[in-house]
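One structure below.
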Amino acid sequence: MSPMITSILILSLATGTIITMASFHWLLAWMGLELNTLAILPIISESHHPRATEASTKYFLTQAAASSLILFSSVMNAQATGQWGILQLEDPLAQTLLTVALAMKLGLAPAHFWLPEVLQGSSFKTGLIIITWQKLAPMTLLLLTWNQASMLTLMMMGSLSVAVGGLGGLNQTQLRKVIAFSSIAHLGWMATIVTKSNKLALLNLTMYILISTPMMLSLIFSSTKTTQDLTTTWTTSPMLAPLTMMTLLSLGGLPPLSGFMPKWLTLEELLTQNMAPLATVLAVSTLLSLFFYLRLSYSLSVTLSPSPTKISSKWRLKPNTSTLPLSIALPPSILALPLTPLMKP
């Protein structure tokens with residue numbers, strides 16, 4: 001793809017998200033989501049591989065269905081109340097429909113089946129856009145309508161997503177599918193807490209993006225696609241292997257790493273609001289996710305010094321990717337826990 005076309009698509013992607021984030025009218029929000037979807041499709045199918053074409057088709061069908069539901073719920077609300085504003089969603093059926101549509105856009109269970117398949121058919125760079133930037137627009141709508149969305153639906157979908165994300169990632173060897181199920185689990189945390197504290201939901205989203213970005217960048221840098229490939233990361237970059245391992249453990253939410261902060265504050269908030277059973281379900285379900293993060297970390301650490309692999313080194317050509325974004329993104333993904341007192345709502 002030529003640089004000019006790529007820049008136009010990236011600009012359209014950014015514009016669509018910004019339109020949705022800045023709008024207070026349902027039609028404008030819907031238009032931003034559509035622009036966003038249409039801009040990412042050529043990026044997904046760029047490689048012209050049948051799997052990439054399949055991924056872009058699945059992405060289009062899912063997102064188009066979700067956008068139609070959003071438009072349908074806004075029309076229903078306008079018919080019932082005469083209001084088109086995002087903050088005036090008062091019809092109960094429209095509220096439930098909107099919650100389901102946004103869950104489908106984000107990839108919450110049980111509408112999560114598209115996400116692992118789309119990520120598996122995309123490149124890592126495209127996958128990075130899908131699991132970070134593409135979540136911003138629907139998450140903004142969820143944060144805007146958090147006190148109007150269907151609370152029971154969101155909490156059920158959220159807790160189910162955490163469990164499905166943990167169970168789904170257990171038997172995966174392809175890293176893109178592992179990352180997809182990890183994304184589903186993290187979105188479950190956001191959806192569960194958004195009805196109780198939108199500030200904590202925003203913190204969850206921010207930390208998830210801050211940790212996922214360096215992890216994806218490190219996998220791109222070391223050309224790692226499967227669990228088996230992780231065992232030779234040390235020979236590509238001896239320093240990157242332990243840092244990637246700590247990033248994975250941070251995603252799992254182990255203290256004293258950054259990923260522990262949002263989980264700690266979320267569980268604390270749920271216990272404060274007398275929701276101990278839900279907090280227990282989330283904590284236990286997260287152990288499933290932690291298991292596959294530990295398994296990936298083990299694959300990475302097997303060949304770390306002082307027990308390196310028998311291969312002295314892989315072919316070390318000049319890397320195609322810049323290390324500057326990775327160098328900037330890694331420290332906050334590991335070392336942000338001391339900022340916890342500043343983040344309390």
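Counting starts with 1 at the first residue shown.
Glycine is treated like the rest: Cβ placed from N, Cα and C.
Bear in mind that TrEMBL entries carry predicted annotations, made automatically and left uncurated.
Just so it is clear, the model here is predicted, and its values are computed rather than measured.
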Per TrEMBL, the range holding transmembrane segment, considering 49-71, 72-94, 233-255: 233-255
Best-contacting stretch, by C-beta pairs under 8 Å, relative to the transmembrane segment (178-195) and drawn from 152-171, 201-221, 233-255, 275-294: 152-171
Remote residues contacting the transmembrane segment (201-221) - C-beta distance under 8 A, at least 6 residues beyond either end: 124-125, 127-128, 131-132, 135, 139, 142-143, 146, 175, 179, 182-183, 186, 189-191, 193-194, 236-237, 240, 243-244, 247-248, 250-251, 258-259, 261-262, 265-266, 319, 321, 323, 325-326, 329-330, 332-333, 336, 343
